[in-house]
Protein chains: 2
Amino acid sequence: MSKLTDVPKRILIGRALRSDKLGETLLPKRIALPVFASDPLSSVAYAPGEVLLVLSIAGVSAYHFSPWIAVAVVVLMFTVVASYRQNVHAYPSGGGDYEVATTNLGPKAGLTVASALLVDYVLTVAVSISSGVENLGSAVPFVVENKTLCAVGAIVLLTLMNLRGVKESGKLFAVPTYLFVAGVFLMILWGSFRGLVLGDAMHAPTSELQIKPEHQGLAGFALVFLLLRAFSSGCAALTGVEAISNGVPAFRKPKSKNAATTLALMGLLAVTMFCGIIGLALVTDVKMAENPAVDLLRDGVPVGAGYTQDPVIAQVAEAVFGHGSFLFMVLAAATALVLFLAANTAYNGFPLLGSILAQDRYLPRQLHTRGDRLAFSNGIVLLAGAAILLVWVYGADSTKLIQLYIVGVFVSFTLSQTGMVRHWNRLLTDERDQARRRHMIRSRAINAFGAFFCGVVLVIVLATKFTHGAWVALLGMVIFYGTMTAIRKHYDRVAAEIAADETPAEETARPSRVHAIVLVSKLHRPTLRALAYAQLIRADHLEALSISVDPDETRALREDWERRGINVPLKILDSPYREVTRPVIEYVKGLRRESPRDVVSVYIPEYVVGHWYEHLLHNQSALRLKGRLLFTPGVMVTSVPYQLQSSEAAKRRARRRADWSAPGSVRRGPVERRHKDPHRKEHNGRGRNGKG
Amino acid sequence: MSKLTDVPKRILIGRALRSDKLGETLLPKRIALPVFASDPLSSVAYAPGEVLLVLSIAGVSAYHFSPWIAVAVVVLMFTVVASYRQNVHAYPSGGGDYEVATTNLGPKAGLTVASALLVDYVLTVAVSISSGVENLGSAVPFVVENKTLCAVGAIVLLTLMNLRGVKESGKLFAVPTYLFVAGVFLMILWGSFRGLVLGDAMHAPTSELQIKPEHQGLAGFALVFLLLRAFSSGCAALTGVEAISNGVPAFRKPKSKNAATTLALMGLLAVTMFCGIIGLALVTDVKMAENPAVDLLRDGVPVGAGYTQDPVIAQVAEAVFGHGSFLFMVLAAATALVLFLAANTAYNGFPLLGSILAQDRYLPRQLHTRGDRLAFSNGIVLLAGAAILLVWVYGADSTKLIQLYIVGVFVSFTLSQTGMVRHWNRLLTDERDQARRRHMIRSRAINAFGAFFCGVVLVIVLATKFTHGAWVALLGMVIFYGTMTAIRKHYDRVAAEIAADETPAEETARPSRVHAIVLVSKLHRPTLRALAYAQLIRADHLEALSISVDPDETRALREDWERRGINVPLKILDSPYREVTRPVIEYVKGLRRESPRDVVSVYIPEYVVGHWYEHLLHNQSALRLKGRLLFTPGVMVTSVPYQLQSSEAAKRRARRRADWSAPGSVRRGPVERRHKDPHRKEHNGRGRNGKG
């Protein structure tokens with residue numbers, strides 16, 4: 001991996017980036033395509049199978065509907081791609097669905113989209129990893145025999161890689177993605193050549209099996225419902241299409257045009273691969289069943305629980321390239337790899353969306369730093385935890401997980417496109433130029449159709465999949481929505497509480513004097529430093545305070561104090577229970593009672609150590625005291641640090657941490673580092689998915 | 001329970017205690033006995049059974065050795081009681097084994113004793129609860145069928161009670177303990193009466209069973225080894241004897257004499273009960289086997305895995321009082337209750353010993369506060385966790401757990417008694433009064449014999465039980481010892497590092513000026529307060545610093561600043577990554593570079609909230625900034641708190657917490673609260689188990 005990341009240093013984006021090299025870091029289309037398309041392209045690894053699987057409920061004869069379903073998916077894909085090309089042009093700053101919905105439909109719609117996206121990121125990880133494990137399992141049986149374990153292992157591995165902060169390069173994405181695309185196209189071409197020109201009869205490993213239909217001879221409404229369900233499953237091919245619209249700033253100029261072209265290219269590739277695989281599956285007689293153990297029959301006998309159903313793409317590859325052949329192996333590996341890459345995109349998107357939501361105060365404020373390591377870590381640990389839970393509960397079964405997947409995607413598609421219609425409406429009220437009006441009206445028509453179509457799909461998905469698992473995704477969305485609303489309410493309430501009055505005169509009586517207290521336990525360097533600093537402050541009254549928990553130590557302290565001739569009065573309070581906190585608090589409260597307009601300033605010498613376990617051994621009493629003092633009005637608490645030698649270790653760690661660069665930056669576009677027009681910078685900084 | 005604790009308010013000890021009522025809170029012997037004896041007396045509930053159980057390995061014929069083993073245990077008990085009566089007289093301040101060993105044999109011996117005691121406390125909980133569950137199970141079969149679950153549940157319940165801080169009273173101990181003692185004595189008397197006077201043939205429920213000896217016809221060394229093993233098990237009756245020697249300050253005057261009398265009384269009761277139960281067990285033909293499922297035969301057939309072996313005391317009670325009779329039920333309940341009380345004593349002892357070890361810097365310093373709630377909580381959570389682990393691993397089987405138990409007890413007995421011999425030796429070198437010398441020489445002889453006898457028992461226990469589980473206890477001791485040594489070393493190293501030089505002139509250049517910085521995000525009340533406080537300080541240079549993460553907000557801040565006419569210069573730093581920490585740190589470092597002798601004082605407005613989840617939403621950036629600033633030399637960090645309304649909730653919690661009184665205080669003796677001669681007070685405060 002280091003080899004891979006060393007070479008393309010030019011296109012790496014990191015903190016070391018100089019603004020004058022900015023141009024070089026932008027993505028050309030040939031790199032942008034794999035960077036953004038690993039997610040949508042990888043979904044052709046599972047979407048075709050899901051279509052066949054649902055159809056098999058009505059028996060193998062229903063497979064002849066699959067081309068029609070493929071056509072419907074293709075039309076939908078073109079619609080969505082056409083719609084998002086409008087987004088790309090309208091929001092060159094990279095308007096994510098969250099932003100589009102918030103700006104045009106209001107914060108509630110925005111928050112709904114955000115909830116849907118968060119759920120989606122979790123499911124992207126769960127589905128992609130599960131499917132990746134299944135694809136790998138078609139070549140390496142061990143993997144599929146220990147599916148859940150391998151899937152959880154893969155998630156943990158990805159999580160650790162992302163937590164460490166792997167530097168990304170376009171090439172890292174390009175190699176497996178192009179390998180995957182090339183493999184699938186080679187398979188389609190070679191398969192067609194063998195079938196049409198050579199006249200070979202290709203047989204998938206499941207071609208000799210029969211399917212026991214769960215419902216024989218479905219017709220009328222039941223059949224329509226089944227076809228709609230199959231269509232819903234096929235829509236899994238559309239997941240991830242919106243990614244490019246978030247990443248416009250990462251493209252070379254002309255950004256919007258290049259992004260739109262890449263989007264179209266991606267749609268075309270996805271559609272061709274999807275249809276090619278379905279076509280080959282029909283030709284090679286692939287059989288897929290929802291419950292393979294029961295519904296797949298070999299000579300009339302169920303294949304039983306020991307049977308593992310390989311993904312369609314693997315079965316087709318086996319039929320075309322031959323079982324265990326080199327090309328079969330390569331394609332299986334590339335498929336698994338591109339699926340893992342797809343999962344990885346969620347690791348970038350989730351914390352980034354989190355930081356945008358934090359800016360809008362829907363999430364804890366400290367997450368708002370872009371590429372901040374801690375915020376990033378919290379985000380990916382949450383993401384990984386949720387994905388592992390889902391993988392565990394659903395036994396890493398991609399078919400079951402996909403039932404949950406598509407709801408969120410179409411919630412955000414629908415709201416985003418509806419928002420775009422509003423966007424054009426708003427622009428049209430002001431626009432007088434007829435050519436541009438026509439253009440806008442055309443765009444609005446495309447987005448309106450997109451919104452309508454996606455809305456219809458959403459209803460279909462909800463209707464056909466609700467009981468199959470979509471409710472879980474909806475529940476997840478409701479939980480995110482509720483939590484974020486509560487957090488926002490809290491912040492709003494606090495903001496109202498702390499808002500300053502306009503007339504400062506009405507403020508409560510201003511404090512008049514400072515009574516400074518230095519806490520002393522022994523006379524060592526930290527204490528001496530605290531005393532020296534406190535003396536600099538020129539408070540109206542300064543004294544040292546010691547809590548006597550041991551008479552011998554107290555006597556020693558007093559003697560030491562006098563011997564050194566420290567010209568600060570030393571006050572000693574007795575504490576029979578060896579408590580420290582309570583006597584100090586009571587003393588401070590007493591001072592405040594005597595002169596309520598005084599401010600008490602408490603100086604606490606603090607040890608700075610380098611390891612967490614040393615923290616357990618130091619400062620705990622100081623921390624607790626500080627915690628209690630803060631509740632007392634009219635007090636300020638000053639930590640005077642003393643750096644122990646071991647603190648060097650922490651400094652070294654901090655330096656290493658500074659070299660860390662957040663994964664996913666390659667997709668996000670560059671940010672200039674410093675000292676330029678703050679406006680442009682800020683715009684760029686929040687550009688990717690923010691308010692633009 | 002509230003009824004029970006309301007009535008004897010006079011003998012309650014708590015924070016509300018006034019020093020003039022001190023006398024009334026001291027324990028009369030009739031209350032002191034149950035308070036301190038629940039642990040040693042309760043062990044007669046399992047010790048006799050363990051003796052029979054080991055003997056059964058050689059077949060039921062070996063049972064005739066049991067009276068001899070009982071005699072050996074009685075002799076040992078008298079020796080130990082006589083020895084500790086010397087401790088009580090020599091250390092009227094309540095010299096615990098840790099103190100006696102540390103003072104007379106050095107810190108390593110002391111630490112060994114401390115490790116042994118810590119392990120012992122854990123095992124007291126595990127063994128007493130397991131045995132309690134078994135005894136309760138003799139009356140309520142459900143309990144013994146779900147032994148591990150019930151034992152863990154009981155530990156969790158005890159833990160919660162102790163964490164909440166149940167106020168204790170002597171009566172709380174007195175009722176079950178006296179009930180238990182009365183029940184056992186009634187059983188012994190009524191059993192003797194029925195057997196000797198009425199000539200009834202009493203039959204234990206296991207009287208008709210046969211024992212399949214694991215080793216038929218043992219003789220010579222093997223037999224001796226088995227008898228020694230049985231004796232080791234019987235020594236379980238001695239656990240807890242040392243408790244009174246720790247609690248002398250809790251007795252009424254003359255403290256030492258009363259404590260010694262109570263100790264003798266306790267020994268007498270324990271011995272009588274132990275022998276009575278063994279005698280009745282022989283008369284009623286109780287059969288105990290190590291593996292009852294295999295080695296207990298009914299008409300030649302093993303009883304099988306479904307069989308549960310009731311404790312000896314329950315079997316005897318059944319034989320004497322009749323199965324399911326009222327008295328049988330009462331005794332079973334009293335036995336279980338007194339065992340739970342015994343477990344509870346460990347909940348008091350463990351954190352208290354922890355606080356003494358913390359004073360000697362073997363444990364984190366913040367644990368040193370006596371009866372401090374947080375220290376206490378940490379201690380009991382650790383104790384409960386370890387006990388639950390043991391109960392879980394050993395399936396709440398008291399027989400298996402007892403194998404681990406006795407090592408620690410005899411390590412501390414032996415070292416404590418050896419220490420006492422040294423103590424008398426030291427006193428004898430100075431003492432000239434012949435009468436007192438004679439007295440001391442007598443005491444020394446008793447302690448020497450005690451040390452020798454306990455040492456022999458320790459060797460026997462180690463030899464006969466090492467592979468049966470004693471190694472686990474030793475491992476636990478080694479872990480405690482190693483951890484505490486490492487902590488002490490760390491503290492010593494730090495103390496050396498921060499020790500102040502004797503000549504202050506040699507200190508590094510004194511700081512000359514203060515550059516104060518107030519961190520500002522918006523102009524709200526917390527910021528205004530921080531500005532007002534910082535202005536009071538009269539620093540040499542004062543400025544406000546804001547990090548620009550959003551140009552609109554920054555502009556608004558600047559306008560607000562001017563409109564309010566705040567006479568502090570406002571400096572704004574750009575941060576394209578929306579970072580806060582890094583720009584501030586770099587700015588501060590820059591200031592320090594420019595004038596290295598300046599001290600930078602950073603004022604951070606901080607929100608004070610009432611709930612932990614609000615903490616997640618506020619101050620996190622401030623906390624992280626503070627954490628980083630402390631690593632920068634020449635900086636002090638001041639928190640200026642602003643109390644939000646919700647902080648009232650925390651204040652209420654703190655007030656409730658102040659009313660809390662640490663469990664176990666009744667055993668520890670009273671502490672005067674305040675404003676007296678600090679020496680006497682301190683003495684009393686550390687008295688119970690401390691350095692006296």
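Including glycine, each Cβ sits where the backbone N, Cα and C put it.
These come from TrEMBL:
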TRANSMEM  A:65-84  transmembrane segment
TRANSMEM  A:111-133  transmembrane segment
TRANSMEM  A:139-160  transmembrane segment
TRANSMEM  A:172-193  transmembrane segment
TRANSMEM  A:218-241  transmembrane segment
TRANSMEM  A:262-283  transmembrane segment
TRANSMEM  A:326-353  transmembrane segment
TRANSMEM  A:374-395  transmembrane segment
TRANSMEM  A:401-424  transmembrane segment
TRANSMEM  A:445-463  transmembrane segment
TRANSMEM  A:469-487  transmembrane segment
REGION    A:646-692  region 'Disordered'
COMPBIAS  A:676-692  compositional bias 'Basic residues'
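When each of the listed stretches A:139-160, A:172-193, A:374-395, A:445-463, A:469-487 is scored by C-beta pairs under 8 angstroms to the transmembrane segment (A:111-133), A:469-487 comes out highest. When Cβ-Cβ distances below 8 Å are used as the criterion, the transmembrane segment (A:326-353) is approached by residues 38-39, 41-43, 45, 96, 98, 114, 117-118, 121-122, 124-125, 128-129, 131-133, 135-136, 138-139, 154-155, 158-159, 162, 173, 176-177, 179-180, 183-184, 186-187, 240, 243, 246, 311, 313-314, 317-318, 367, 370, 375-376, 378-380, 382-383, 662-664, 667-668, 688-689 of the same chain, each at least six residues removed from its ends. Recorded stretches compared: A:65-84, A:172-193, A:374-395, A:401-424, A:469-487; the one with the most Cβ pairs under 8 Å to the transmembrane segment (A:218-241) is A:65-84. The list of residues near the transmembrane segment (A:65-84) in space but at least 6 beyond its ends in sequence, with Cβ under 8 angstroms from a Cβ of it, reads 47, 51-52, 55, 227, 230-231, 234-235, 237-238, 241-242, 244-245, 263-264, 266-267, 270-271, 274-275, 278-279, 281-282, 413, 417, 420, 446-447, 449-451, 453-454, 457. Away from its own ends, the transmembrane segment (A:445-463) comes close to residues 76, 79-80, 82-83, 85-86, 228, 231-232, 235, 406-407, 410-411, 413-414, 417-418, 420-421, 423-424, 470 of its chain (Cβ-Cβ under 8 Å, at least six residues beyond either end). For the transmembrane segment (A:139-160), the residues of the chain that approach it from at least six positions outside its boundaries are 125, 129-130, 132-133, 308, 314, 328-329, 332-333, 340, 343-344, 347, 380-381, 384, 387-388, 391-392, 395-397, judged by C-beta separation under 8 angstroms. Here the transmembrane segment (A:469-487) has Cβ contacts under 8 Å with residues 111-112, 114-116, 118-119, 122-123, 357, 361-364, 400-401, 403-408, 411, 461-462 of the same chain, all six or more residues outside its ends.
Residues 29, 32-33, 36-37, 40-41, 43-44, 47-48, 51-52, 63-64, 66-67, 70, 73-74, 77-78, 80-81, 84-85, 88, 181, 184-185, 187-188, 191, 195, 202, 204, 234, 237, 241, 244-245, 251, 312-313, 315-316, 319-320 of the same chain lie 6 or more positions beyond the ends of the transmembrane segment (A:262-283) yet place their CB under 8 Å from a CB of it.
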